[in-house]
Every structure is written in structure tokens, then in C-alpha cells.
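Undergrad: Quick one: this structure, given as C-alpha cells, is what I'll be asking you about.
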Amino acid sequence: MRTVWSPLAAALAALGMSTYKRATLDEEDLVDSLSEGDVYPNGLQVNFRSSRSGQRCWAARTSVEKRLVVLVTLLAAGLVACLAALGIQYQTRTPPVCLTEACVSVTSSILNSMDPTVDPCQDFFSYACGGWIKANPVPDGHSRWGTFSNLWEHNQAVIKHLLENATASVSEAERKAQVYYRACMNETRIEELRAKPLMELIEKLGGWNITGPWAKDNFQDTLQVVTAHYRTSPFFSVYVSADSKNSNSNVIQVDQSGLGLPSRDYYLNKTENEKVLTGYLNYMVQLGKLLGGGDEDAIRPQMQQILDFETALANITIPQEKRRDEELIYHKVTAAELQTLAPAINWLPFLNTIFYPVEINESEPIVVYDKEYLRQVSTLINNTDKCLLNNYMMWNLVRKTSSFLDQRFQDADEKFMEVMYGTKKTCIPRWKFCVSDTENNLGFALGPMFVKATFAEDSKNIASEIIMEIKKAFEESLSTLKWMDEETRRSAKEKADAIYNMIGYPNFIMDPKELDKVFNDYTAVPDLYFENAMRFFNFSWRVTADQLRKAPNRDQWSMTPPMVNAYYSPTKNEIVFPAGILQAPFYTRSSPNALNFGGIGVVVGHELTHAFDDQGREYDKDGNLRPWWKNSSVEAFKQQTECMVQQYSNYSVNGEPVNGRHTLGENIADNGGLKAAYRAYQNWVKKNGAEQTLPTLGLTSNQLFFLGFAQVWCSVRTPESSHEGLITDPHSPSRFRVIGSLSNSKEFSEHFRCPPGSPMNPHHKCEVW
């Protein structure tokens, strides 16, 4: 505590009351050293012994001595009372109010988002976001809207300016991104070509029975081409990534795939999803007609067969909540063993074709996620008519590539999106579509332009400091856990210490020569949008295949710099924060740190906690999947997490329950991230002193921290989009990301004085980290 120099303290000093002042300042020493009969310099004797001897001493006093003792006692008591009052005044004194333009602006934004008529102890999400929700209905052309969307819109506008500015590019790779974007914007040329580019591609691949004759014996060839050259994944997905059990090497990985709809649930719960299934079939028929299929009566039965085949795939697909234990689903086999497991595919020719020029032999290691799925999909392929198999593979190609064609295909997409996600049809500016597609495919190529335009030089250092504070806070909490044994705790701390931070962008993109080297084999052609997209699919697979004989590289990010997101990589044990998210509302230099810790601080804590969620905890500090926990702590962890499974499973949206097991990892990260960020903010205040408060709000800085956290998640969704999120998204709905985390926080309840048993302060709370 800082010394307070008040007018009363000055007056006491001026009175020359040296004896009393000295006694007060040395009070602790006096109590420790006094014994019976100790005498002070003023001749006053004080005795702490038995009351009987004290009574005898008092009786022996003269009346003058007695009056002096009483007077001294009263004066001492008065002084103590004054000092106590000063201390209370200091403790409760309201910090100064920040009245800068930035503080007034952020206050206005906070107030506009809030609904102060809602009791924060009843429903904090509505209290924090009620005003925002009323002012932000889902915009036309969207199925959901939130603070992330606002920031992405801002980033899109920046990217548009850069792509349209010829002087913004320095490297050849950046210029390729600009050529790609301009080709997308050339609607005149796209409308001239109509469906011709895709129809020619279909013919080149042997035809499609829906639009014309097809080559009847080309199953293996078609599968190889659509997988490698056009990045589709019929039946299963094949990719290259770090080996979970040997993270220093890359390995071929095979997993379940092949559904046209976002989840198996859409196919299997037919009554609930009848509208979507009908809309999907109509969409399939419409694309078939646009590609020259002719009579709808001839197209619809064949499209229904494709839909039925996808339903059969959905039946053998493993639900996501049953795939969370990676130790159980990881299987390493050889190419020869894979051939025995799934004989419907000629695996060696298939792998040698898609990974050319890398040579694959029978001993090639391959990681398979879920052997039973591959066994059953092989049987399904063998038992299915060849014409239907070809129709299905070509449908995968059409579904992936039709959006690069003329407006008729865009209209068909929009009509299905309205059924699927509740998206209202609207005339979204073409540039937004083209910016998104260019960023999605060539985000690293345009990355340097975006970084130079938006990312301040010291942002990496500031973000690094915040990450360091969050790590420290997480490790402090780790040291207090009662359910974890000491050996596992030490290993967990080592893992936390070893987490690598990647901030803003991968270093190679800022070196024009290095960037050009990466994109050297990709060529964008002026005014041929479809061709450019197909070339990119082929190029991106070649880049993937090229990694097979190389070691994993930290500079290979899974997100581009403009992305408004962040992630944790278990095999690299690293957390990644693209430049796109290091902006308001997550971080602003001029905002109180309560908001910054509640924003980007919680994001950092969230990603850090992923290293210790139900999946991340299975990886050690070097990124290897192995059992490094003692069994007692594994069982205790499962007990702690079961609480969260039950808690979140009790939440529902429009009468549909949240899947607490499917969302477990994200819920652990949300709760752990909030706790770590709050603790880090308290450490910051201890080090730097209390912050200025914001005007009008009447909130303390601690309350502002929780409010800032909640307002990051203000969002709205259509009912259709909410349904899709509940069955596909590993994150809980935004409302419950706020309510679930805060209702588990004792500190939140204390700062908002929520009565025990109130909705935001339940008696039973869940805590893992």
C-alpha cells in the first residue's frame, strides 16, 4: 500500500507529539519486546500481565496519575480510530475517472451494447449484450453476426484496398494475389463463359452420367484426379501432417470424409432435417440442370441416389464426440496393411499418383483414424454400382467448383444457403466474395500487404508480454490444484513453459524472395477466374505432398495473417495469434487494461488451456501423443471434466440441447482462459496500481474485466444457423460461452455481489484448471 499524506497526518506532525508518533510507528516492535514492568522514556509503565496485579497497580496510583493514564488511553484510541478511518478511506476511494477521447469512445460502445435493465446476476449475457443484440439483427446475406464479423468486415475493406492498389505489392506472390482477385471481379468474362469451364473439366475427367456419357471403367483414375488435382475428399480424406506419436516427422494420414452436408446428423435425423434434405436435393438437381443435364425427371432420380449414398456414408461415420480420445482412434499401419484393411482401393497406385514424384512402397507408414470406418467404406464401395460411384465423385467436384462460375450458380448457392442456414438472399457486393476467396486461397501471398497496413511494429512485443503474463498466471493456478499429483504437475509446468508463441504472421512472408519461392509454382492467369481456382487446388496439393519427406516447420501456419481467430497446435505445442485478431475489440492500446485482459487476454488463456484440455493433455511438451500423466491424475481429471459435460449439456437453444461432450475441449479452454486472464490482470494491478475507471458506467475495473470478456461474444444467429452450430461446432453457443464460464467463477460472483444460488452464482461450480 502506498503512503497517504493527508491534511490530518500533516497536522499530527506539526503538533510535535513525538512520543505517541514513535509508539505508533513502532507498534509491532513494542508488542514483541514488552515484558512485565517495561518502562518508556516518559516514565509511563505498561504491564501486559495478569489482571490481578494490574488491579493492585491501579489502586496504588495517585488521582493525577489515574487521570493522565485515562487521558493518554483516550488520545491513543482516538489516534488509532483516525488512522483506521484513513485506511478505510484509502481502500474505498474511487480511482480517478478517465476522460480522454478514447475512454469516452469505448464507454459509449460499452453502454450501447449493454442492457442495464437486466440483473447481471440473473443473465449476464443479456446484461452485457442486450443492447447490441437489439441494434444488430442478422444482416441480409448472413446467417450469423457478431464482434468477430465486424472485425472481419474491417479487415476485408483493408484487403480490398490493397488488392486494388497496384503499388501495394512488392513481391511477385503479392501480384499473383492481385491477378487472382481481379479475375474474380471480372464478372463480364465470367458471365460470357457461363458453365463452359466446368463442363469441359467434367468431359476431360471421363464424363458424368447426369450430363452426358461417361467412361465406365475409370473409378480408380477419377478418384486419384479429383483427390490430388482438385482437393476433394470422396469416401475419405488423405493429407500430410505431423505424426502425433513422432512430432518431428510428417506422415500420410487417412480419415473419414465425403459428406456434402456439414454433419451426419442431417442425414440420420430425417424428420428434424427434412427441410434441409429437400433443399439439398433441389440444389443438386439445379446444378445438374445448369451443367447441361436436361430434363429434371432424368436428373432427380440419379441425384436422389447420390443423396442415398451419402446417407449410407453418414451411417458408418463416427460421431465427433466419440473421436475425442486420440489415443483410441490413432492407428499406424503400412500401405500393405491398408490394402488388406480397405481392399476396394488400389492404395499403392493411388498414393504414388497423388504423391508423385515421392515414391511410396508397401512399407510406407500411414496413420489411420478409425480403422472400422475404412473397412466399412471399402465394403460399401464394392457393393455400389460403378455408375453411382462415378456420379458421387463427380458431384463432389461439382459442389466444390461451381461457385467459380456465373451468377446462375451463385443464385443456386444462395437459395440453398437460405434453407441450410436461414441466410436471406441479398445483393452482397461482388468484392466481398472475391476478397474472401482470395484471402482463403492466397492469404499468405497477400499477407505482407495486410501486415504492413495494419500491424504496428511493437504489436509483437506487446502481445508477447500479455502471453507471458497469462502463462505466469496459468502456472500459478496449476500450483494450487488439489486433484493433480506432484509428478504430473511438474510435467504440466514443463509443458506450459515449453509452449511456443507465434504472433502476427510467419516470418517468411515478409521476405519477398522467400515468399516468391513458396508461390513459384503457382501462376494466375488474367481474366480466367475458374482456371485460377483450379490451378490453386492443384498447386496446394503439390505443396502438401512435398511436405511428406520433410520435417514439420513452425513457419507453416494453419491460419493466414488477416484471420480473426487463434489456435493451439498440439504436435508443435504452440499457440498462434494472427495479426487479424490483435485489434479492437480484443486489444486496443488506449483502452483500460481491464478490457485488454478481458479481450485478448482471455483469448490467449483459451489457447494456452487447449494444451491441457481433454485432447491437448494427451500430448507432451514435445508434441508427442503419449501417456505422460499418472493414472490417479487422469481419473481425477475425468471427474473434474464430467462436471462440465453435465453443466453444458443442460443448456439449450430453441429447445435443442448443447452437446456437452462434443464441446468439452472448448468449454475447458473457455473456463481456463477466463481464470488465467483474470489472475494475470490482478497481477498487473499489483505491479502497476489501480487503473482509472471509465465514466458513467459505475463499474469497478474488475467488473469491467468481466464485462469486456462478455461483450467479445455478443452475437446473433438465425434458428437454422443455431441448429447447424449445435450439431457441428465444437464451441458452445456464444451465450453459454459467457454464462457457463462466468457462473463457474467465484471472483465474478464476488465482484458483482451475486447472491448464492442465483443463476450466475450456482452453489455447485465446475473447475478444471
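Just so you know, glycine gets a Cβ as well, placed from its N, Cα and C.
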Undergrad: With reference to Swiss-Prot, specify which of the listed residues Cys714, Cys754 is paired with Cys121 by a disulfide.
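TA: Among Cys714, Cys754, the cysteine that Swiss-Prot links to Cys121 by a disulfide bond is Cys754.
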Undergrad: Figure out which of Glu514, Glu531, Glu666, Glu691 sits with His606, His610 in the Zn(2+) site per Swiss-Prot.
TA: Glu666
Undergrad: If you check Swiss-Prot, which of Cys434, Cys643 bonds to Cys766 via a disulphide?
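TA: That record, Swiss-Prot, gives the partner as Cys643.
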Undergrad: Taking the recorded Zn(2+) site as His606, His610, Glu666, identify the other residues of that chain whose CB atom sits within 8 Å of the mean position of the site's CB atoms, giving them in sequence order.
TA: Tyr568, Glu607, Thr609, Asp613, Gly665, Ile668, Ala669, Asp670, Gly672, Gly673
Undergrad: State the three-class DSSP label for Cys129 (disulfide bond), counting H, G and I as helix, E and B as strand, and everything else as coil.
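TA: DSSP call for Cys129 (disulfide bond): helix.
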Undergrad: Would you kindly give the Cα-Cα distance separating Cys121 (disulfide bond) and Asp670 (active site, proton donor), rounded to the nearest Å?
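TA: Rounded to the nearest whole number, the Cα-Cα distance is 20 Å.
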Undergrad: Nearest to Asn315 (N-linked glycosylation site) by Cα distance: which of the recorded positions His606, Glu607, His610, Glu666 is it?
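TA: So, spelling it out, the nearest of the recorded positions is Glu666.
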Undergrad: Just name the winner among Cys98, Cys121, Cys434 (the disulfide-bonded residues) by count of other CB atoms within 10 A of its CB.
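TA: Per the Cβ count, the most surrounded site is Cys434.
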Undergrad: Would you mind checking how many other C-beta atoms are within 10 angstroms of the C-beta on Glu607 (active site)?
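TA: So the number of other Cβ atoms within 10 Å of Glu607 (active site) is 25.
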Undergrad: How many Å separate the Cα atoms of Glu607 (active site) and Cys714 (disulfide bond)?
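TA: That separation, Cα to Cα, works out to 20 Å.
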Undergrad: Restricting to the topological domain 'Extracellular' (89-769), what is the model's mean pLDDT?
TA: 94
